[in-house]
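A.B. asks: Handing you a structure now.
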Amino acid sequence: MDHEHVREVDPAVADALDGERDRQEQTLAMIASENHVSEAVLEAQGSVLTNKYAEGYPGGRYYAGCEYADEVEELAIERAKELWGAEHVNVQPHSGTQANQAVYYAVLDPGDKILSLDLNHGGHLSHGHPANFTGQIYEVEQYEVDADTGYIDYEGLREAAEEFEPDIIVSGYSAYPRTVDWEEIQAAADAVDAYHLADIAHITGLVAAGVHPSPVGVADFVTGSTHKTIRAGRGGIVLCDEQFADDIDKAVFPGGQGGPLMHNVAGKAVGFKEALDPSFDEYAQNVVDNADVLAETLQDHGFTLVSGGTDNHLVLVDLRDSHPDLPGGDAADALAAANIVLNGNTVPSETRSPFNPSGIRAGTAGLTTRGFDAAAIEEVGDLIHRVVDNVDSDDVIYEVGERVVELCEEHPLYE
Ligand code: DSN
């Protein structure tokens, strides 16, 4: 992966691409929303399909010359149907947020009501945050996790739904370490005649592999991104029953997007094929097992985890008990200096700013892709502890950074 053609034209960008490749090789990608796609997916995403406009859908495009675009999109759709068992799939959303946007656009009018999880409790910007379009054109009320357990407060959600009478309830989260009970949320939606959107962006791969229960066939709409735990081409996806197919397709195009990014759709098709291989189920199970090992290791070192552990691919550490003077952003900076890349994250009952919050979030999807087993993950947990306990020690950060490079070399990413 030398970027030789880029180098001929643009050495500055080639240097940056080489730098990013080396950064990924030599650091631990523990941002819970990241992963490493295969070289096949990279090749598909960097293919000639980037040149093609294909507004419309297979068999009904607005431009000529779409025969290969049709083939690729049909393959992506068929594979997605098989992976998630959905009646209808739209593979064109450019991102998870645009998948959500399509659902809102399909079934809501401006001023309609969204009930969603608070961002500090694990929600997502596109679920109604004031800085996002959803918080500006819809009326939003939020539910929370239980203050004591860190689990979704399903009773509070039901009460909030009865009081607020939302048009849609959003479930599915970006910093929630526990299994989601889709049926509980569906029951709350049914009780007030609301739609239910389950955003499985983080856990698409876990759901496809059956290591997390599926909301498909429970919620009215399921959205996701395609580059996190599912490890396919970058972008988003909408899954729904046939009855909503036309509304969703129109909401994606022309409602919210122009021409689909067909090179990314090709990346999705290739990644979905890889995920249909039985080895992917083993990978997804390993992701969850590794997260559990990480959770236990961190707890053994005295860290407090939101909800006391994890059922999925991520752990959320609330630093306020173990390191009351260390905000999560500063912890993440020290870890990055030691080649461990994760993010500062807000936690329930947040007392700091989102720019330097009280928690750190770490995921195991990327490390599992490069073959980290339980012993290696336990060592990573030890290294995280060493850095967080010594954020002002250049010596510790240097030593941990060196060990991380060795671990990375033992688990190469791209040949
Ligand atoms: N940025 C993603 C995350 O980190 O969870 C969600 O969009």
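Glycine too: its Cβ is placed from the backbone N, Cα and C atoms.
TrEMBL labels come from automatic prediction, so no person has curated them.
Pulled the feature table from TrEMBL, pasting it below:
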- Leu119, Gly123, His124, Leu125, Glu242, Ser353, Pro354, Phe355: (6S)-5,6,7,8-tetrahydrofolate binding site (BINDING)
- 7-384: domain 'Serine hydroxymethyltransferase-like' (DOMAIN)
- Lys228: N6-(pyridoxal phosphate)lysine (MOD_RES)
- His227: site 'Plays an important role in substrate specificity' (SITE)
A.B. asks: Please compare the recorded positions Leu119, Gly123, Leu125, His227, Lys228 by how many other CB atoms fall within 10 Å of each one's CB, and tell me which has the fewest.
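C.D. replies: Least crowded of the recorded positions Leu119, Gly123, Leu125, His227, Lys228, by Cβ count within 10 Å, is Leu125.
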A.B. asks: Write out the long-range same-chain contacts of Pro354 ((6S)-5,6,7,8-tetrahydrofolate binding site), meaning residues 6 or more apart in sequence whose Cβ is under 8 Å from its Cβ.
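C.D. replies: Those within reach of Pro354 ((6S)-5,6,7,8-tetrahydrofolate binding site), by Cβ under 8 Å and sequence separation of 6 or more, are Leu119, Thr346.
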A.B. asks: Across the record's (6S)-5,6,7,8-tetrahydrofolate-binding residues Leu119, Gly123, His124, Leu125, Glu242, Ser353, Pro354, Phe355, the largest CA-CA distance in angstrom?
C.D. replies: 43
A.B. asks: At a 10 Å cut-off from the C-beta of Phe355 ((6S)-5,6,7,8-tetrahydrofolate binding site), count the other C-beta atoms across all protein chains.
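C.D. replies: Its Cβ shell of radius 10 Å holds 8 other Cβ atoms.
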A.B. asks: Please work out the mean pLDDT for the residues of the domain 'Serine hydroxymethyltransferase-like' (7-384).
C.D. replies: 98
A.B. asks: About how far apart, in whole Å, are the alpha carbons (Cα) of Lys228 (N6-(pyridoxal phosphate)lysine) and His124 ((6S)-5,6,7,8-tetrahydrofolate binding site)?
C.D. replies: 15
A.B. asks: Tell me the Cβ contacts of His124 ((6S)-5,6,7,8-tetrahydrofolate binding site) under 8 Å, same chain only and six or more apart in sequence, or just say none.
C.D. replies: Thr97, Asn100, Tyr173, Ser174, Asp199, Ala201
A.B. asks: What whole-number Å value do you get for the CA-CA distance of Gly123 ((6S)-5,6,7,8-tetrahydrofolate binding site) and His227 (site 'Plays an important role in substrate specificity')?
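C.D. replies: Computed Cα spacing between Gly123 ((6S)-5,6,7,8-tetrahydrofolate binding site) and His227 (site 'Plays an important role in substrate specificity') is 19 Å.
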A.B. asks: Determine, to the nearest whole angstrom, how far the Cα atom of Ser353 ((6S)-5,6,7,8-tetrahydrofolate binding site) is from the Cα atom of His227 (site 'Plays an important role in substrate specificity').
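C.D. replies: So the Cα of His227 (site 'Plays an important role in substrate specificity') lies 28 Å away from that of Ser353 ((6S)-5,6,7,8-tetrahydrofolate binding site).
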